[in-house]
Amino acid sequence: MSEQLKFIVEQLNKDPFKKNFNLITFDNLEPMQLLQILNDVLAEIDPKQVMDIREEMPDQTVKRMSALLGMLKYRPPGNLSDVSTFRQGLVTGSKPVVHPILHWLLQRVHELKKRAYLARFLVKLEVPADFLQDDVINDTYHQYEELVEGFKTYHKECEQLRTSGFSTAEIRRDIGAMEEEKDQLIKRVDRLKKRVESMSNHQWMLEQARQLRVEKEREESLTDQKQEQKNQLFQAEQRLQRSQHQLKDLQQAATDASPESLMKRLEEEIKINSYMASEKLPKDLEGMRRTVQYLQKVASEPAMGQADLQELEDKIKECDSQINQLIEKRMMRNDPMDDKLALYRQQASIIVRRKESKAEELQEAREELAAAERELRQRSSQAQASDGAEVIRGDELKHLVVKLRSKGTMYKKKRLDIAELKAEYGVLQRTEEILRQRHEIVQQKLQTVEAEKGISGYSDTQEELERVSAIKSELDEKKGRTLDGMSEMVKKLNSMIVEKKSALAPIIKELRSLRQRYQELNQEYEEKKVQYESCAAGLESNRSKLEQEVKILREEKAQDENHYHHINSMSERAAEEMKAYVSSDPDEKKKAIREVYMKSISEQELLGKKLREKQKMVKGSHTINMEQMKMWRDLEQLMECKGQCFIRAQSQASIGQVIQEEGEDRLVL
């Protein structure tokens, strides 16, 4: 973990981050600061990630970072394989989650930049299948896929150009060299002009030299035209000869051809092509598919050792013994009817094998013919594109004619052989039809006999066993070939390993010494680093103490300055006060603070005397005033009572009459 932190701090202190961290400050970072550093590293890889995470919701931040890390193919450590735990740690800014991510990113920044750039264009959009049923959307999506493929090709070409030997510096050097040569040629021409200008007829000589150069260029062009016309004449003669030979061949074929022979030939070709298309080619295709599947299965399996090969050989021997036992059982239970059918089956299998072999020979002949035609077209195109070089000399042409004649005779022989084989094939086909009819009759009889004996299906089972044994033999042959190939491959790999080991031995020896030297230097580096860190920590603590002391001294200095200015101002004020107090001018004396304060004191004493006298008067009239106040309260209650009585009298006017006379109230009912 310490090595991981050291690597992270070293990379963050370099360009383009320049964070200026040490191990202590980086380890003491808050979770939000740690996530911001992770976002800065991701922004360096993908500029779209530039963002202040404080302005983004935590779930959106986690979603964005997880998507980018998934695109960059980051896999969390084994203890963080759970997705929910990883996301929770990313939300909270957990160090066990963020530190491995930073270590992985900073190890491969340039590679991840390239991957992020390519992902912008190569990560395909997921379009639902329902939407692709629309023609417009489907066409647009196909165009999008074509553009993606085009981007792949252009990017590969760009990378090839970057990795190729051509560089801008070399091209610039070549251009500079050409410009220097151009300047030298211009200077040489100027010197020659200066030499020639001294002659009297230099203009006429220049004109003659120019005409000479023009005539030489014309002579060269005429020579090229002459050579080209010779080549064209030679090619035309060759075409004429070929056309004449083709005409003779066609005339000979026309003399031997008749409508019946042409129809027969066409029917034979149709039969051959139908057999090739319906039987031979599907079988070959199916066999190739099985071979490909088997090879894919072998390639997907882990590498086999000697023990695995021995186990497979044991299984093969066991299967062979089982097959032999089944064959022996079948031969022991052989019936006379099977002996009669075995002859026909043997003839049919011989016919089928011969038919397949002839079809393979025909296929090989067709492939040879196609290869010869391709070579002929290539040679003719080369002859047409050649600039005057003779393609075929006289001796070669004679040799070619002799070779063609021998091949013609061989072709005629092969043609006769093919005709004989076709005739034999017709006979065999008729024989096959007769045998098939007899086989059907015998099969029906066999089924009736089996039904009578109570063993129906016995012949089908026997045929199935034969088919399985044939398939098993084919598989055994393929397995044997595969095992031989694998053993050869193992031998080759072992030899290559031995060669590589022998080639790497001196390098490994040198690497050991370098590794030992590296360990010594690394140990020395670690010791120096520990010393440096301890010294840096001590200097850092001393610096902080000195800064604290400087801060305290500055505060004391500010307080002393304030105190000094206050004392200075007070001393100036005291001097002015003393001057005003000692002065004989009464106006000046009035301005003195002593006089102002004495005047204020006398005024306050007079005010206190007046207040004491007023207090004495209030104390003397207090009881009288209290009685008067009580009387006023009683009067107020009386007036309120009279008011209430008047209101009641107004409401009870129907019962009686209130008469007020001389301060008396009377109620008359």
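Backbone N, Cα and C atoms are what each Cβ position is placed from, and that goes for glycine too.
Per TrEMBL, the listed range annotated as coiled coil is 504-563 (candidates: 24-83, 504-563). Taken as a whole, the coiled coil (309-382) shows an average pLDDT of 75 in this prediction. As a summary of secondary structure, the domain 'IFT81 calponin homology' (3-126) carries 91 helix, 0 strand, 33 coil according to DSSP.
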